[in-house]
């Protein structure tokens, strides 16, 4: 692994090149896949394809499955979310048993959102290629792994061969330097980035996040960042592994031990972009300029600081952006020129693969403590996994939420997407810690505003959007 192999390479190029199995002239290279994560929604047809051709799962020990999208967060009853959900979950149980794949089902203590359980169990390691039939697989890039979402036909290909054809992407460096102010989180950083690049600014690229503000983030913050790389159109997001990464991983169930751990860390330290590496695109931000962010429109790029006014469509010079803003304002039932702090909410959702880890729940609980959810607001807190739920309860966070009037739920994807019982009714407005604010994402006619966990809790206790910096407990 000498320097000569890696001269002038970005982290992405190192990861990509290390996994090429075969590359013929004028053909898309074939990459080896180290880890394959599976859930109940995008896998049934893939397993059916294997069965029809009489193929086994090539390396079942590198494949892990869980139930998350369809599950009820109020009961562990497989029938609770409707017939389609029941069928998909039962199919996953059958397929995993038949093909020898490890499954974290509803009764398993590790069950949870696939992009939460992978890292917390140490399945996600630096230097790996990781795929899942889910667009937010980019989350795992926080560990310096090349992780991206795939379609169901590709799920079948990986199950059958442990490989995937994958073309080279362009490279983008997003550098955030300086220190963020009090109350500013990774969610605010990534929303500010998407606000600058636009929701298609990263199209065709793999993004590497770097700079002193990124290095200062915990692994949980870095996961939030990489989770939303897809929301700027990127194929994947990356953060170079460092001591923060290694300290997080050490001792986790699937992490290496002993001499293998030492060898792993020695290799992982080489996984960074060379000083002379060239990126196709470079974006820079000053961390000190970032305020708490709230989306106002129907894509994550339509975002402003909480203390700014909702923009008028005429303020956009690009005609496509102007038309998009007009449509978004109409759908969201918002008027240009008003402050977001004047906008009342109906529901609050704290959860999702973006923000349902223990640090997210601690940040929200710090705001909720000693306060009450505003009259007429329904607020739910959905931990990302069984271990997150257990840790939160050991710390007494569940009691803080319940006392404040929040609902404390079981793990699952929940209100991030309208595939289970947690959804918005037409016209309802939600402060959500999830990653997508598209029309109907949380339920037909629902209006989604993306915020950090602390900002979501602030909205819950205020009844409208509020600057978390104005609430004294935000100095947790």
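Including glycine, each Cβ sits where the backbone N, Cα and C put it.
Taken verbatim from Swiss-Prot:
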type	residues	note
BINDING	353, 413, 416	[4Fe-4S] cluster binding site
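Of all Cβ atoms in the shown protein chains, 27 besides its own fall within 10 Å of the Cβ of residue 353 ([4Fe-4S] cluster binding site). Around residue 416 ([4Fe-4S] cluster binding site), the C-beta neighbours below 8 angstroms that are at least 6 residues distant in the chain are 349, 351, 352, 353, 354, 432, 434, 435, 436, 441, 442. Of the chain residues outside the [4Fe-4S] cluster site list 353, 413, 416, 68, 69, 113, 115, 136, 351, 352, 354, 356, 412, 414, 417, 434, 435 have their Cβ within 8 Å of the site's Cβ mean position. The local packing around residue 413 ([4Fe-4S] cluster binding site), expressed as other Cβ atoms within 10 Å of its Cβ over all shown chains, amounts to 31.
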